[in-house]
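These come from Swiss-Prot:
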TOPO_DOM  1-87  topological domain 'Cytoplasmic'
REGION    1-63  region 'Disordered'
TOPO_DOM  136-160  topological domain 'Cytoplasmic'
DISULFID  Cys200-Cys209  disulfide bond
CARBOHYD  Asn208  N-linked glycosylation site
CARBOHYD  Asn217  N-linked glycosylation site
TOPO_DOM  272-277  topological domain 'Cytoplasmic'
MOD_RES   Thr276  phosphothreonine
TOPO_DOM  348-360  topological domain 'Cytoplasmic'
TOPO_DOM  444-463  topological domain 'Cytoplasmic'
TOPO_DOM  517-538  topological domain 'Cytoplasmic'
TOPO_DOM  596-630  topological domain 'Cytoplasmic'
REGION    616-624  region 'Interaction with RAB4A'
Amino acid sequence: METTPLNSQKVLSECKDKEDCQENGVLQKGVPTPADKAGPGQISNGYSAVPSTSAGDEAPHSTPAATTTLVAEIHQGERETWGKKMDFLLSVIGYAVDLGNIWRFPYICYQNGGGAFLLPYTIMAIFGGIPLFYMELALGQYHRNGCISIWKKICPIFKGIGYAICIIAFYIASYYNTIIAWALYYLISSFTDQLPWTSCKNSWNTGNCTNYFAQDNITWTLHSTSPAEEFYLRHVLQIHQSKGLQDLGTISWQLALCIMLIFTIIYFSIWKGVKTSGKVVWVTATFPYIVLSVLLVRGATLPGAWRGVVFYLKPNWQKLLETGVWVDAAAQIFFSLGPGFGVLLAFASYNKFNNNCYQDALVTSVVNCMTSFVSGFVIFTVLGYMAEMRNEDVSEVAKDAGPSLLFITYAEAIANMPASTFFAIIFFLMLITLGLDSTFAGLEGVITAVLDEFPHIWAKRREWFVLIVVITCILGSLLTLTSGGAYVVTLLEEYATGPAVLTVALIEAVVVSWFYGITQFCSDVKEMLGFSPGWFWRICWVAISPLFLLFIICSFLMSPPQLRLFQYNYPHWSIILGYCIGTSSVICIPIYIIYRLISTPGTLKERIIKSITPETPTEIPCGDIRMNAV
C-alpha cells in the first residue's frame with residue numbers, strides 16, 4: 001500500500017542544481033560531501049547507492065539495468081556488533097520466550113476453547129504480531145540506534161516514545177525479577193531429601209493443611225489447603241502477614257537476598273554489552289528447551305497424562321463467537337513476541353547492515369509460538385496426572401492461573417513424582433533462566449537507548465551506567481519483596497505496564513507507517529536486504545497491525561480486568577493508582593511534542609514541518625554495504 005508520508009522528503013531528482021538537499025535527507029547535487037572526499041564510491045547517507053551528478057555533468061560510468069551494485073563503506077564511529085549470528089538469534093528467542101509462555105499460554109488456551117483457540121491465535125500472529133516484530137527488527141537494523149535517538153531519524157517530534165519505553169522497562173524490571181526471585185527461593189529449597197512443600201509438619205503450616213497424597217485416608221473440605229499452597233503463600237510470600245495494598249508488611253530478607261543474587265548475575269552478564277550477553281544466552285536460552293523436553297517425556301509417561309492433553313486441546317468452536325477469545329489471542333501474541341518494548345530495536349541495531357532480518361523475524365516468531373504450544377503439553381500432562389491421583393476432573397486441578405499454576409499446582413505434582421528432587425531442581429532452574437534472558441533484553445533496551453542518546457556522557461562509562469540501572473531496579477523492587485508484594489506484582493502487570501506498552505506500540509506503528517512513510521520504510525528494507533517487502537507486509541503495517549493494537553486497547557478500556565488475587569479483592573483506588581502509573585510513562589509522548597514545538601524556531605507551520613522531518617540521514621558502519629537494484 002503506497003502512502004504519502006507526512007514528513008516526506010524530496011527525492012534526489014527534484015533537487016535543482018546546487019540546491020541544498022541535505023536538509024531533506026538526500027545528497028547534495030554537485031557539492032561533494034566529506035564522505036565523497038574520502039574516496040570514490042563512498043556515501044554519506046542512506047538514500048542512494050549511486051554517485052549523483054549535477055545538471056550537465058557527465059555520468060562517470062553507466063550501470064546496466066537490473067543489476068545489484070555493492071557500495072563501499074563510509075567512516076563513522078565503530079558500533080559494537082554481535083560476535084556471531086546465533087548470539088543475536090538466541091538473544092531474541094530468549095527475550096521472546098519467557099515465563100508467560102509457560103504459564104499464560106496454556107491457561108488462556110484451555111480457557112478459550114482449547115484447540116479452537118489456536119485459530120484466532122494463529123490469525124493474530126500472522127496479521128498483527130509478526131508484522132510488528134519484523135518492523136522493529138528492520139527499524140533497529142537500518143537506523144542502528146536505541147529507542148530514544150532513533151526517532152531523530154524517523155520523526156523527531158515523537159522522541160517521547162523512547163522515554164516512555166524506558167520508564168515502562170523500569171516498571172517491568174521492578175516486578176518481573178521478583179517472580180524470578182520466587183523461583184530461586186524454590187530452587188534453593190529443593191536441595192533436600194524431601195521437598196518442603198510435601199509435608200504439613202512445617203512451622204508455617206496451619207491446621208487446614210491436608211496432604212492429598214498421604215497414605216492415610218484423608219477428608220478434603222472447603223477450608224482444606226495443600227502443603228504446596230501453604231509453602232507458597234505462607235512461607236515464600238508470607239502473604240498472611242499483609243492486609244492488602246494498604247498494609248504491605250515488612251520486606252522478606254530471604255527474597256531480598258534472592259533478588260540481590262539475581263541482579264548480580266544480570267549485571268555481570270550485560271555490563272560489557274552484547275559481546276558478553278551474547279555468550280550467556282547460549283546457556284539461558286537453550287537450557288529451557290532441554291528441560292522442557294525432559295519434562296515432556298516424563299509427563300507423557302505419567303498415569304492420566306492423556307486426560308490433561310484432551311482437556312488442553314479438545315476444541316470448543318462455539319467459543320470463537322465470543323469477542324473475549326479474540327482479545328485474549330491478540331494480547332497473548334503481542335506480549336509473547338514483545339514488540340514495543342525497545343528490545344528488538346536495540347538488539348537489531350548491533351546487527352550487520354545487510355543481515356536478513358526478515359528471515360530472523362519469521363524464525364524467531366515461529367520458535368516462540370511453537371514453544372508456547374509445546375509448553376501446554378508439558379503443563380497439562382502433569383495436570384492430568386494430578387487429576388488422576390486426586391480422582392477429580394482436570395478443570396478442578398487447573399483452576400490456578402498465573403504464577404500459582406507453576407508455584408502451587410506444578411510444584412505439588414513434581415513433589416509427588418519419583419525422583420522429585422531432581423525434577424524440582426531442573427524445573428525451577430528452567431524458570432530462572434527463562435526470566436534471566438528476558439531481563440537481559442529488557443535492560444539492554446534501556447542501556448542502548450541512553451548510551452546512544454548521551455554518548456558524550458556514558459559511552460566510555462557503560463559499566464557504571466549498568467550499575468546505576470541495576471541498583472535503581474533493586475530499589476524499585478522493594479515493594480514487591482514485602483509480605484503483600486504479590487498484590488503489587490499483579491497490579492503492575494495488569495494496569496501499569498500492559499495498557500501503556502500497547503499504546504506506545506500503536507503510536508510507533510502509526511508514526512513509522514504514516515509519518516515516516518511506508519514507501520520510505522520499504523525502501524530502507526530494500527537497501528538492507530536487496531528486496532522490498534511485499535503487499536502483505538505493507539497492508540499489515542499501514543492498516544491491519546495498528547487496528548490489531550487498537551482492538552486490544554479498546555477491549556481493555558471497555559472491559560478492564562477485575563483484579564482479584566487469592567481471596568483479596570483490590571480496592572477501587574488501587575485501579576486508579578495503576579492507571580496513574582501507566583499514564584506516567586505514556587505522558588512522555590505529549591510532553592515531548594509540546595517541548596519540541598516550543599523549542600523549535602519559526603512559525604507554527606514551520607515548527608511542525610521541521611519537527612516531523614528526520615534530522616539526520618542514516619549512515620552505515622564501516623565495512624558494511626548497501627544493496628540497491630538500479
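Each Cβ is built from the backbone N, Cα and C atoms, and glycine gets one as well.
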Practice task
Count up the helix, strand and coil residues in the topological domain 'Cytoplasmic' (136-160) according to DSSP, in that order.
Solution key: 17 helix, 0 strand, 8 coil
Exercise for the section: Translate the DSSP assignment of Cys200 (disulfide bond) into the three-state scheme. Expected result: coil
Exercise for the section: Among the disulfide-bonded residues Cys200, Cys209, point out the residue whose Cβ has the most other Cβ atoms within 10 Å, with all shown protein chains included in the count. Expected result: Cys209
Problem - Listed in sequence order, residues with CB under 8 A of Asn208 (N-linked glycosylation site) and six or more positions away - result: His223, Ser224, Thr225
Completion exercise
CB contacts under 8 angstroms to Thr276 (phosphothreonine), restricted to the same chain and 6+ apart in sequence, sorted by sequence, are Phe268, Ser269, Ile270
Handout entry: Cβ contacts under 8 Å made by the topological domain 'Cytoplasmic' (348-360) with residues that lie 6+ beyond its boundaries
Key = 79-82, 85, 88-89, 92, 134, 136-146, 150, 274, 448, 452, 525, 528-530, 533, 620-621, 624-627
Exercise for the section: For Cys209 (disulfide bond), just give me the three-state DSSP call. Expected result: strand
Handout entry: Cβ contacts under 8 Å made by the topological domain 'Cytoplasmic' (444-463) with residues that lie 6+ beyond its boundaries
Key = 145-150, 162, 165-166, 169-170, 270-274, 277, 341-343, 345-347, 349, 469
Problem - Mapped DSSP class for Thr276 (phosphothreonine), helix or strand or coil - result: helix
Exercise for the section: Could you pull out which residues elsewhere in the chain have a CB under 8 Å from any CB of the topological domain 'Cytoplasmic' (136-160), counting only those six or more residues past its ends? Expected result: 7, 46, 79, 166, 339-340, 342, 344-349, 351, 353, 355, 357-358, 360-361, 445, 448-453, 507, 511-512, 515-516, 521, 524-525, 527-528, 588-593, 596-597, 608, 611-618, 620-621
Practice task
With a Cβ cut-off under 8 Å, give me the same-chain residues at least six positions beyond the ends of the topological domain 'Cytoplasmic' (272-277) that come close to it.
Solution key: 80-83, 87-88, 91, 347, 350, 440, 444, 462-463
